[in-house]
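Trainee: I have a structure I would like to understand better, so I am pasting it below and will then ask my questions one at a time.
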Amino acid sequence: MAAQAAPELAKLDLNKNTGSVEANAVSAGGSEKEEAENEGDSEDDRDDEQAGGSAEVNAEKKKKKKRPKKKKKTAKVQSSPPRIPLTTLFPNNNFPEGEIVEYLNENSYRTTNEEKRHLDRMNNDFLTEYRQAAEIHRQVRQYAQKELIKPGATLTDIAEGIEDGVRHLTGHMGLEEGDSLVAGMGFPTGLNINHCAAHYSPNAGNKVVLQHGDVMKVDFGVHINGRIVDSAFTVAFDPVFDPLLTAVKEATNTGIKEAGIDVRMSDIGAAIQETMESYELELNGTSYPIKAIRNLNGHTIGQYEIHGGVNGKSVPIVKGGDQTKMEEGETYAIETFGSTGKGYVRDDMETSHYAKVPNAPSVPLRLSSAKNLYSLINKNFGTLPFCRRYLDRLGQEKYLLGLNNLVSSGLVDAYPPLCDVKGSYTAQFEHTILLRPNVKEVISRGDDY
């Protein structure tokens, strides 16, 4: 759940060669008898020498030890579809690090400061979990880009293909109680087409097919022990949309560059907007300015809490507003959205995304279906977002009444799809960054974006 709506909508990782023995012929001389004797002697000598040579060769062979056959090393290559758990490919848990960016200006001392380096080394488990999740995200999205996301594919096949890959690579299929809380999907796969910017995932029975002229945002999360990597990209098959994708990708990279310890959110937002809105898209002879979607934001990420929980912070993508500063040790989803429409999203279409409200007050539930469903949500997802397909996968049936009751009771939040005006096109790019004590790490960075 990459997108965090602005306040007004927030409510809603690979035989020694032996020489031959030669006998010397005896020179002719003397009588024929002597010649015969000498000839016989030489043959005997030759036989002796050959016998000696054979024994010597056999002795050498016995001395030589047979070298054990080298075991073939297993190539560190993921299968297609991705099914090999990442811990099998990286048995020592030395997962690839993300892009390391040194702090600049007044924070440049942090790169070499020994105290900060010591604090960073203390976060070993934290980094290992995040890097594992990030490498799973990279491997699954690369597979999705090559094999799943094609014109003619259904959104259901794409979403389930991504989610099956994540579950196999984490080693947690999520069918046993509590298994999804150990590792797995950080939130449901968002497949947002054209004017829809965020929070759309196919529900059961969805028949939507991806078209050649579509612009689709692919947004999914991977978690290990609640450490969520949140990253998204946009796919368009028609090159006419390249300026839109470039604008948003560059805006996200600007946000990543500007982010850092003690940096004000408003400064990041202003830089993002300036970059994005320097582009325009020409479509059917008409030029459309690319606008930053002003009521969508980046956000902090907490353990098991995609939007950082009660004390979460937002990262705007337009100028003005929040003067809050980023702090050491925080994790952020830096994401930007661009649109050819109004640059403002509203709730639209059927809801698929839900999440339990953290620290919600105790509320008496009258419906037994709501009570049972709430217990299942607690045991299998906790505060991690889920979608209706995940409930179907756990064998739940006829749960909508109970689910709606949990939403109306304030125990579960519903996250409807967020859309700009119909006919417009939107794009999104997103990375998870860690503000480590001595460096900034773009944990989800890959060769693709």
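Even glycines carry a Cβ here, placed using N, Cα and C.
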Trainee: Which of these, ASP219, ASP238, ASP420, does Swiss-Prot list as part of the divalent metal cation 1 site with ASP230, GLU430?
Mentor: ASP219
Trainee: Among GLU330, GLU335, GLU350, GLU397, indicate the single residue that Swiss-Prot lists for the divalent metal cation 2 site containing ASP230, HIS299, GLU430.
Mentor: GLU335
Trainee: Can you give me the Cα-Cα distance between HIS307 (substrate binding site) and HIS299 (divalent metal cation 2 binding site) in Å, rounded to a whole number?
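Mentor: One finds 6 Å between the Cα atoms of these residues.
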Trainee: How many other Cβ atoms are found within 10 Å of the Cβ atom of ASP219 (divalent metal cation 1 binding site), counting all protein chains shown?
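Mentor: Its Cβ has 29 other Cβ atoms within 10 Å.
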Trainee: List the residues of the same chain that sit at least 6 positions away from HIS299 (divalent metal cation 2 binding site) in sequence and have their Cβ under 8 Å from its Cβ, in sequence order, or write 'none'.
Mentor: GLN4, ILE306, HIS307, GLY308, GLY312, LYS313, SER314, VAL315, TYR332, ALA333
Trainee: In angstrom units, rounded to an integer, how far apart are the Cα atoms of ASP230 (divalent metal cation 1 binding site) and GLU335 (divalent metal cation 2 binding site)?
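Mentor: Counting only the Cα atoms, the answer is 9 Å.
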